[in-house]
Amino acid sequence: MSEAEARPSNFIRQIIDEDLASGKHTSVHTRFPPEPNGYLHIGHAKSICLNFGIAEDYQGQCNLRFDDTNPVKEDVEFVESIKRDVEWLGFTWSGDVRYSSDYFDQLYQYAVELINKGLAYVDELTPEQMREYRGTLTAPGKNSPYRDRSVEENLVLFEKMRAGGFAEGTACLRAKIDMASPFIVMRDPVLYRIKFAEHHQSGNKWCIYPMYDFTHCISDALEGITHSLCTLEFQDNRRLYDWVLDNISIDCHPRQYEFSRLNLEYTIMSKRKLNQLVTEKVVEGWDDPRMPTISGLRRRGYTAASIREFCRRIGVTKQDNNVEMMSLESCIRDDLNEHAPRAMAVLDPIKVVIENRAAGEEWLTMPNHPNNPEMGSRQVPFDSEIYIDRADFREEANKQYKRLVLGKEVRLRNAYVIKAERVEKDAEGNVTTLYCSYDAETLNKDPADGRKVKGVIHWVSVAHALPAEIRLYDRLFNVPNPAAAEDFLSTINPESLVIRQGFVEPSLADAVSDKTYQFEREGYFCADSRYSRPGALVFNRTVGLRDTWAAKATQ
């Protein structure tokens, strides 16, 4: 991460400052503990920036630990993608990658300790019965008939669970806390369940797997985590976090702190719903550029710096709030406006023939960035036949239209002034070719007679233009809060992807996916990492030059 990125201030950092000042802790140790059951999204980026950013700023450590306690939903594919995402965002974890499964032997022994203390029991209620016994927010639960088994019987039954002596769903290990607790999470929560599934790390060694709430706190303690940072939905779980650590023989007792999760407009963060988009082929995959996944944003052309800046701007609080999509888009625009080289691309081409110019190429020098000479320049060919965008020509127009009009002039970007003389149309009345004249004395300068030419349009040489598929990506949903809809799929934006067949200038022949360009007057684009290759270019629109949704919202 760049040292130039400002160090933020928030309530968590204030707590850390107080802990260090009081001597409660002499160093800071955080962790990022994703479950490897899907791809990380922009909400995870907030947690990554918080945990790794704190470790960096306080010269501490941050572990990457996979919460891999459910072998049915997890996959090595997700493990590898998460590691790539963390590294791409610019962070380095401390030591080796860790897995909760590394601690399965110790977790089992801690479960046995709770049984020996009379604080855990093997329950044989069915899942349906367990839900019924749990009670509701307004009604207390009731004790399982298996709750008062002896320590000896529970030890035998728990070992039987481990040995595969029970079928899935017929037995589990539960903590013995309080079925009348006002907090449902404390009503004898399940600590271990049976799953006959091969684990991507431990293989077939285990057929019982610890639950998240039991695993999380013990893993934190075993790793010496000082500040365990979670989103607000785990606030009630902190009671169970503390209960487990208070009742086992372990020296370290980390403290859990909660912050608000990221709610971003015009998208969804639910991993289940994101998976539904993928499995029902609403999108191409987890890295579809319309997805809020880090891999999707990366493929779309977002930079790691822009995502870090977004996380810095939205901050860390305890209050839930909805963040406008324009806040994220503003971060990438600011970044790319400063760093993206310029190029010309015509998305909806119309051919222009310059009749008073002899055929033959002329190579024009153009800056790669108008405000940064250090980015150098490039050579762009100009010829007597060029493409311009269809939207940049009208046969008739009012004075507010500053582009090319029949009988009037416009300037070609970094080139000459041209005048529209006549048009050629097809049988349907569509303009197919525009015939123009040019002023040979106006290369990057005003006409000698002082006449004013106000408009500037982009172009590419027909003889040198490279065909390209241009994918115009937009927001995936057409309402700010699709998660609130009865059927979130009904709010899909039908224009979230529009494909154009256009032309780009020859300097983009070898465009690579990790480099984003400003297509002048069109927006920011990058070569698609999956499909683009020399001779078959595919460009994804990262973001437009300005926010068009704000205008739509006021209409």
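Each residue, glycine too, has its Cβ placed from N, Cα and C.
Averaged across the motif ''HIGH' region' (34-44), pLDDT for the predicted model comes to 96. As annotated by Swiss-Prot, motif ''HIGH' region' applies to 34-44, with the evidence given as sequence analysis.
The Cβ neighbour count for I42 (ATP binding site), using a 10 Å radius over every protein chain in view, is 22. As annotated by Swiss-Prot, ATP binding site applies to 35-37, 41-47, T231, 261-262, 269-271.
Sequence annotations record features per position, and here Swiss-Prot assigns L-glutamine binding site to D67, Y212 based on sequence analysis. Less than 8 angstroms from the CB of Y212 (L-glutamine binding site) sit E35, D67, T69, each of them six or more residues away in the same chain.
Cβ atoms under 8 Å from those of the motif ''KMSKS' region' (268-272) belong to residues 37-38, 41-43, 261-262, 292, 477, 482-483, 488 of the same chain, restricted to positions at least 6 beyond its ends. Residues or ranges marked as motif ''KMSKS' region' by Swiss-Prot on the basis of sequence analysis: 268-272.
For N37 (ATP binding site), the same-chain residues lying six or more positions away in sequence with a CB closer than 8 A to its CB are N70, K73, E74, D75, F78, K271. Secondary structure of the motif ''HIGH' region' (34-44) per DSSP (helix as H, G, I; strand as E, B; remaining residues coil): 3 helix, 1 strand, 7 coil.
Under the three-state DSSP scheme, Y212 (L-glutamine binding site) falls in the helix class. In this structure, K46 (ATP binding site) is part of a helix by DSSP. Distant neighbours of the motif ''HIGH' region' (34-44): 66-70, 73-76, 78-79, 81-82, 85, 200, 212, 261-262, 264, 267, 269, 271, 274-275, 286-287, 291-297, 307, 310, 328; these residues of the same chain sit at least 6 beyond its ends, with a Cβ under 8 Å from one of its Cβ atoms. Under the DSSP three-state reduction, T231 (ATP binding site) is assigned to strand.
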